[in-house]
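The block underneath contains the structure these notes are about, expressed in structure tokens.
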Amino acid sequence: KICKGQGSLTPSMSWSSSPCTPGSRVGRTPNSAWRGGFCTVLELVSQYRQLCVYWTVSYSAEDQAVGDFLKQQLQRPRPIILDPADPTGNLGLSARWDLLATEAAACMEARCCMGKDGTPIQPWPVRVR
């Protein structure tokens, strides 16, 4: 998406492949799972300078060459969203994350991110390394 005069936002591929989906949490109703997942993605986007996403099932760090390359990729400045099919592609580059983070912060105050009592829905715990 292009914002008038502000540049390109993040590539849609980076979020279409996100593991944060409504049905990915067991034991929650679909609506609460969707809301929790949505709030989690918003929280991650708002902290994009720390964002690092990669898929361990797509490529194995146990292979020496892949493991060494992956370690190099993960040392680069954030945000890092490695392409699930190709760890040489960083989908987090060349985007206006600052604009997206501003919008994410505003969305976190929307009604869909609030519980029935008006308190913010807590994002899911995300493993940080």
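Every residue gets a Cβ built from N, Cα and C, even glycine.
What you see is a predicted model, and the numbers here were worked out from it, not measured in a lab.
What TrEMBL annotates here:
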REGION    1-27  region 'Disordered'
COMPBIAS  8-24  compositional bias 'Low complexity'
DOMAIN    35-127  domain '2'-5'-oligoadenylate synthetase 1'
Whole-number mean of pLDDT values that fall within the domain '2'-5'-oligoadenylate synthetase 1' (35-127): 89
Helix, strand, coil residue numbers for the domain '2'-5'-oligoadenylate synthetase 1' (35-127) per DSSP? 40 helix, 13 strand, 40 coil
